[in-house]
Amino acid sequence: MAEYDHYEDDGFLNSFNDSSQEEHQDFLQFRKVFLPCMYLVVFVCGLVGNSLVLVISIFYHKLQSLTDVFLVNLPLADLVFVCTLPFWAYAGIHEWIFGQVMCKTLLGVYTINFYTSMLILTCITVDRFIVVVKATKAYNQQAKRMTWGKVICLLIWVISLLVSLPQIIYGNVFNLDKLICGYHDEEISTVVLATQMTLGFFLPLLAMIVCYSVIIKTLLHAGGFQKHRSLKIIFLVMAVFLLTQTPFNLVKLIRSTHWEYYAMTSFHYTIIVTEAIAYLRACLNPVLYAFVSLKFRKNFWKLVKDIGCLPYLGVSHQWKSSEDNSKTFSASHNVEATSMFQL
């Protein structure tokens, strides 16, 4: 949902002179077009990508590792998350017409799945650290790790529900020039911001910095043809997280501590543009955490073949070659046991 909607039009316009009011009206028109369009793009891409990951994970890929457990829960959280975006897109163009119950429900669904996605990303990072740095121990305790992984995922969903209660309880529909779904309470907004910054940014960022630093050090001292590929993927994961999440979280932090920026129309543009960039994670997660796997890509081509699209795509030969290469690749136990991404 639009973070900007908690600070709606009337409050801004009252603090502006005539020139600033004209600029702000231009901004409101820009927001009315830009955010819904971005929401719909993220919705479509996230719906397709995360649905594919879920279908392949459930019907074509047995849960053989802790990473597999996480890669079922992550696209599920992202999928439910993006399914709330069409409602916010419509509300951005017009106003909130779905009532108070739907307001509370969608605020809860949106927030629960946001926290779940970020906490699972943190767990995936820690799991990769264990698989690479403690490879032998991780392999020998695979069954136990699978059990713990399911328990951890259940706990993540419960924790996400608990920390989302303020939005669910205090979420309401307000009439501020138009009907808005949100929470119009400064204390609640402060609590929500602190929780979002901690669980949704600083925790996964800290986990990535610590775990990936050790992983990189371990891989640099290791041999094998997987090293360079794994390092590239690590840097890609870190770069995508930093580029998509840092700007929006930085803007939210500035917004909460420097109220004078509220009189700057340029700052309002920054809020909604960085928000849209942050939501791209729901589209990119399937690529970063699933499609990098050779095993997953093999199962993807199986799905394409089963639904009858393979002959039309003209990739039957390539799919067969990819399948053979994947089988040859997976024959190496040592590589798979120590591979960070189980490629």
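Cβ coordinates come from backbone N, Cα and C, glycine included.
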Same side of the membrane, Lys137 and Tyr269, by Swiss-Prot annotation: no
Cys103: disulphide-linked cysteine among Cys37, Cys181, Cys211, Cys283 [source: Swiss-Prot]: Cys181
Cβ pairs under 8 Å between the transmembrane segment (105-126) and the transmembrane segment (34-60), at least three: no
Whether the transmembrane segment (277-294) meets the transmembrane segment (145-165): three or more C-beta pairs under 8 angstroms: no
Averaged pLDDT, computed only over the residues in the topological domain 'Extracellular' (1-33): 62
Other C-beta atoms that fall within 10 angstroms of the C-beta of Cys181 (disulfide bond): 25
Considering the transmembrane segment (145-165), which listed stretch of 70-90, 189-216, 233-260 counts the most C-beta pairs under 8 Å: 70-90
Secondary-structure category, per DSSP, in which Cys103 (disulfide bond) falls: helix
Which same-chain residues, if any, lie at least 6 apart from Cys103 (disulfide bond) yet have Cβ under 8 Å of it: Trp96, Gly171, Asn172, Val173, Cys181
